[in-house]
Every structure is written in structure tokens, then in C-alpha cells.
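Enquirer: Before we start, here is the structure in question, set down as C-alpha cells.
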Amino acid sequence: MIKLILSIILIICFIINSIESFKMITLTTGPPSDLGWNNMINLGRIGVTKAMDIEDSRLFVVSGRNDTYELLLPIIQNDDIDLVICSSLDHGDACKEIAAMYVNSTEIKTQFLVRGSGATTKNLIQFTYNYASVNYLSGMFAGLQTKTNKIGFISPGITAGASDCFVYAFWLGAKSVNPNIKFYYYNIGSYLDKDKTKGAAENLIDVYDCDVIGDTLDDFTASNVAISRGRYAIGTNGFPQRDVYGENVVYTYAYNWTKYFVPIASAVKNKIPPSKWYADFNKDNNLSLYDLSFGFQVSAETKFKIINQTKSFASYVRTLHPYFCNEYMEGYTQKYNLTRQPNTTNCITTTGFIGIDAPVGDMNYLGNYTIKFSKVEFQRSIQIGFSIVSGLLIGFVILMMIGIVKYQDTPSIRSASPSFLNLTLLGGVIIFIGIIVWVAPISTHQCNARFWLVTIGFSTLIGSLVVKNIRIWLIFDNPELKIRTITNNQLYPWVGLCLVINIVLMSIITTVGDLKAIEAQGIDSLGKFEYMTICKMNYTGAATLYSILAYFGTLLLVGVFVSWKIRIVHIEEFSECTAIAKTLYSISFCLFVIVPLMISPQDKQSETIILCVTGIFITTGALLIFFLPKFWRIFGNEKQGSHEHFTQRKQSAVASARAESANRNNSSNSFGFSKSSAQIGNTISGIESLNDDSNESSLSNETK
């Protein structure tokens, strides 16, 4: 007996396992969270899954023929799917193509449910629903509810494969109950484009004063805009919006796809041949596709008119509905060559109705809504701020240049070479001008000018400081204190070389580097429809720019090294090396701080601010460190026109030590000569004339 029971159980299990489970796929164009078409399709999927106890019910979000085809074909070939619900017109072409591939297949048993009223095949089911009737009703509600008598509408349009026949049905419904309405509508080219929908809805409200807006889109974006602007929101995308938004939505219709998906899926499971399915209002509410809902503030009269019209639609054939037969159709069908129903002059056929695309009657078509890209400008206040600061600093530097000329005969200025001092200040002026240009409105010329000015300015400033320091090093850094006459004319070519290197590298950036202004999107925190004008260069230009930075780095390293070498000079007027060293150290330190900031992610405005602040700080700091001590000595210590180091024969401790060492070494050289401390003092006191070419010969005679 036990063996018999076990055998029966095994047979039952075998039979159960041998029964193939029903597998279903549902395709939507958007996520179920859209509170619209896709959500209702998904609810229909869930309803049929529960009703038929389907274990394998999949949902895929996909749109477009190519993407749908690539997604669906491998699944059909490998997963033994029973039913594919292609919910959108977007899926139709791909689903029909795959169905045609396997129409006579003995292995692929998949049935495809597609939207349309075309012919069915062995594996192709057609379903359609009367979308015009519910749009006519929604239009009636809008016409009864509007206070401004201005109604707006948004539709995908012909570019999305949808004619505006349903827009016309909405308008006609509003016109039937309120002849005084003005009707405005946009196409947006898609069933689901939140940005365009939002922009079009805002335009209808702000520009055309529409207080009711309808749509034939997949989501609730248009009504969300209406709610945010304090207008009536109506749900015209098939989702029961009042369940979510409550009394902010005064009217909705909702699809109930479960009523149709269950019998269709059951027919597929029971291997009933495919057929056409049609959904609309029905005398039997259990077979009606649409469920209507009204807000509390909607009058009983309005509700009565709407509900009464639904009963009217269910009582006679669709081809006699008012959106098929009316006073506008005779002239419209003639004008646009659309077919009329036989033996009538004012009734359009279903095919002709689908072909309605141009405005009917006094409909106002506003065209395809396009989003205008907005340009994000650099903050004007920041531009003005940097320009004012740089302008004031230019004025300050010019005053220093005038002071250099006025006090050029004082020891502090004469010993430092007035022409080189002004050349250094000129570099600062060029940098400040470059910063003003840097924050100016961007263009290709501005992109090039700002790099040229800033780099030339830094080459002039840093080059002059480094070359001056090298001269001091060559003069003082010799144990025997031999006279070395190095004139300004001998130094200018070296500063010129610094500029030539800069000019050559910048020329490469300007020409080969393709430095230009471009309009960029998707950078920084720009919105989807915002753009910014930025400067852009190619790989060669970027590599050359790094070469310029390396060149400046090398120049700074040379300057720092020379400053360290001449740290022994303690004569105040000639110890420019101290000021120059401090300047170069400060610049180097700033660069070590700034470079990591620039490498880290920065938006363009922050990057510009960092660069400009750095440029102003480095340049101003360098000039103040270098020039303030000179003017301080002029006004504080040189009342007699000379400093004590110039009036007293006194040398530095290091110089004295070197002189004594030189005396000891030279005393054993019969062909040499020795220098007394007084002679060394004479040498140092005469150095001030090195910057005055006319005094060089007298200086040499004095020190020989």
C-alpha cells in the first residue's frame, strides 16, 4: 500500500512538472512611477498576474524600434515566452517584425499583443481602444470648469507618430459646452519629455492665461505645473491622479487594463486563435475601460453632463459620435482630402479621423515647443570686483613707476637700476591688465589675450628679478672681489630671452593649440538646457601650456638658487637678494598651495576666481615685498640723499673675512697685489655706479 501511495505521488508530481508554466512579458516606455500610462499598464500586468497566478511575469522599460528589437529578440529565442504585451506604439514595429519571423514556427509559440486595428496573424493579437471618446469628455469638463475661457493642451504630435485628432476631440468637447473658449495647444514630439512638457505648460499658463490644461502624454508633468501655479489640474493620462493629489485634481479618468488583459492572456493560455480587441465606454460598467472621478468642488450639473455623455457614447456606434460627425467635417475633409463616411457630408471615417493633424475651426496651434537653451554667464559682480581691484593696483603701480623716475638719483633707486625697476613694475601692470581681460566676457580673442598678457607679464616680472639677482651674484660672489662690470645693456638681452621663450610657446598655443571659445554643456552644475562659453584648446595646446608652467617653474628655481647663493650680501641697498628671495619664495609657496586646488575638481567660475585671486596676490605681494623697503629708505633714511652704507667705508663681515683671506693668499704672490680693507670698502662703495653706464670707467679707475 505504501508503495502504491508513493507511486501515485510521483506520478502527480511528474504531471505537475510536465505542465509548462505561463510566461508573460510587458513592455512600457517609461517606469511605473510615472503616474500615467506606464503605471496603469503595469497595474494591468499585476492584475492579470494575480488573476492567473502567473509566476514568470516580467516588465521591461524600453522605447524605439531598435532598442525594443535588440532587447526582445534574444528573450523570445531562449526563454519560451507565451505572451508579450507591447503596450506602446513605440514597440509596435519591433514586435510585429519578430512576430512575422516566427509566425509559422513550431518551436517559438509566443503571441504578441500590439496596439492597432490591423490584421491578426497566428501569433499577432491587435487591440485598440477609443481614446477620442474620453478626450471629448475631458474637453467637456474643461469647457465647463474654466473661468478664463482659455484652455491649453499638450500633445506628442506627428513627429512622435501621433496625429492631433485627439486634441481636436478635446477641443470639440470643450466647444460643445462653452462656445466662447479660446484653445491653444503645443506639440512636444514625444509622449514622455518632462522638460518640454514643463516648459510648454508654463508657457500656456504664463503667456496665454490658460487655467485648464489637458494632454495626451504618459506622465503628470503638465498637471503638476498647473497645481504649482494654483490652476485646475485634470488627469488626462489614464492614472487615477486624485488617489495621489486629492482635491488638487478636480477630474480624472483611469484605465482599467486588467479587464482586458485577463481575457486576452486566458485566450493565449487556452490556445484560442488571436483576434482583435476593442475597449471603450460600455453599458456594462464591468466592461468599461474608463473609470471617472470628480473633485468635491465640481458641481452636480457638470457631473451629470459628463456621465450622461458616457451613456450616450455607449448607446450608439462610434462612427456616429460627435467627433466623427459635426459641422466642421464637411469643409475640413474637403480642404485636407480626408475620406468621409458613405452617404454623408459631415461625417469623417475612422481613417480620416486618424489623419486629422491640422487645426480645426478656431483651434490655435502654437507649433512644436522647443526649449531655449539659456546661457550661464560669469557673475557680473565678480567681474566688476576683479576689474576694480586690478584697476586700482594698476594705478598704484604707475605711481610707483613715477616715484622711481622722480627719485632715480637716490642711492636706493640708483643702486637697484631704475630702468630694471620700472621693467619689473611694467610686468606687474601687464599682469593686472591680463586679470581684467581674464574676467571679461569670453570670446576667442579674449581667450588668447588673457593667456598672452598674464604669461608675458610674469615673464617680465620674474625674468627681471632673476636677472638682477644673477648680476648681484656675479658681482659679489668672488673671493678676490675682482671688479666685474655688468651693465644694464648686458642684462636686457637676457630678459628679452625670457620673453622670447614665452612668445614662442604662446604662439604654439595660439596657432597649433587651437585656443578658442566654445559653448559647453554638461559641465559644472549646469542644468540640462544651460550652456556656458569657455576657453578650450586641443592636446597640443594643453601640452604647450604645461611647458610654459614648467618654464616658469624653472625660472623660479633658478631665482631661488641664486638668492641662496648671495645670502652673504649685507649692504642694505645691494641686498635686493633678500627682497627678491622673499618674493620668489612667496610665489613658489603660493604655487604649491594653488596647484593642488586646481587639480581638484572645480567649476569654471571657481577656477577663474582662484586663478585671479592668486595672480593678484602673487603680483601685489611680490611688488610690495620688493619695492616698499626702497621707498621706505628714501623717505625714512635718505634725507641727505645717501645712506650710511654709502657714506661710510664699511664692508660686511663675510666680505671682510674674504678680504683678509685674499690678503693672506696674495701676500705670497710676487706678481699679485693685495687689497687693504679700505680698498675693499672703496670697491663696495662704488658698486652703486654699476647701474649707471656713464660712471663705469671712473669706478674702474678708482678700484684698480
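Cβ coordinates are placed from backbone N, Cα and C, and glycine is handled just like the others.
Not my notes, these are from Swiss-Prot:
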CARBOHYD  Asn66  N-linked glycosylation site
CARBOHYD  Asn104  N-linked glycosylation site
CARBOHYD  Asn256  N-linked glycosylation site
CARBOHYD  Asn286  N-linked glycosylation site
CARBOHYD  Asn308  N-linked glycosylation site
CARBOHYD  Asn337  N-linked glycosylation site
CARBOHYD  Asn343  N-linked glycosylation site
CARBOHYD  Asn368  N-linked glycosylation site
CARBOHYD  Asn538  N-linked glycosylation site
REGION    657-677  region 'Disordered'
REGION    685-704  region 'Disordered'
SIGNAL    1-21  signal peptide
TOPO_DOM  22-383  topological domain 'Extracellular'
TOPO_DOM  405-419  topological domain 'Cytoplasmic'
TOPO_DOM  441-455  topological domain 'Extracellular'
TOPO_DOM  477-492  topological domain 'Cytoplasmic'
TOPO_DOM  514-541  topological domain 'Extracellular'
TOPO_DOM  563-578  topological domain 'Cytoplasmic'
TOPO_DOM  600-608  topological domain 'Extracellular'
TOPO_DOM  630-704  topological domain 'Cytoplasmic'
TRANSMEM  384-404  transmembrane segment
TRANSMEM  420-440  transmembrane segment
TRANSMEM  456-476  transmembrane segment
TRANSMEM  493-513  transmembrane segment
TRANSMEM  542-562  transmembrane segment
TRANSMEM  579-599  transmembrane segment
TRANSMEM  609-629  transmembrane segment
Enquirer: Given the glycosylation sites Asn104, Asn256, which one is most crowded in terms of C-beta atoms within 10 angstroms?
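Expert: Highest number of other Cβ atoms within 10 Å: Asn256.
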Enquirer: Counting Cβ pairs closer than 8 Å, which of 384-404, 420-440, 493-513, 542-562 has the most of them with the transmembrane segment (609-629)?
Expert: 420-440
Enquirer: For Asn308 (N-linked glycosylation site), find which of the glycosylation sites Asn104, Asn343, Asn368, Asn538 come within 10 Å, Cα to Cα.
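Expert: Cα filter at 10 Å returns nothing.
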Enquirer: I need the nearest neighbour of Asn538 (N-linked glycosylation site) among the glycosylation sites Asn66, Asn256, Asn286, Asn337, Asn343, using C-alpha distances.
Expert: Asn66
Enquirer: With Cβ-Cβ distance below 8 Å and at least 6 positions apart along the chain, what are the contacts of Asn66 (N-linked glycosylation site)? List them in sequence order.
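Expert: Spatial neighbours, sequence-distant, of Asn66 (N-linked glycosylation site): Ala94.
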Enquirer: Can you give me the average pLDDT across the topological domain 'Extracellular' (600-608), rounded to a whole number?
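Expert: Taking every residue of the topological domain 'Extracellular' (600-608) together, the mean pLDDT is 77.
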Enquirer: Can you break down the topological domain 'Cytoplasmic' (405-419) into helix, strand and coil residue counts using DSSP?
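Expert: DSSP composition of the topological domain 'Cytoplasmic' (405-419): 8 helix, 0 strand, 7 coil.
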Enquirer: If you count, for each of the glycosylation sites Asn337, Asn368, the other Cβ atoms lying within 10 Å of its Cβ, which residue has the minimum?
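Expert: So among Asn337, Asn368, the glycosylation sites given, the one with the fewest Cβ atoms within 10 Å is Asn337.
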Enquirer: Cβ atoms within 10 Å, counted per site: which of Asn286, Asn308, Asn343, Asn538 has the most, among these glycosylation sites?
Expert: Asn538
Enquirer: Could you state the CA-to-CA distance between Asn368 (N-linked glycosylation site) and Asn343 (N-linked glycosylation site) to the nearest Å?
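Expert: Answer for this pair: 37 Å between alpha carbons.
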Enquirer: By a Cβ-Cβ criterion of under 8 Å, what residues six or more beyond either terminus of the topological domain 'Extracellular' (514-541) are in contact with it?
Expert: 195, 371-376, 441-444, 446-448, 450-451, 508, 603-605
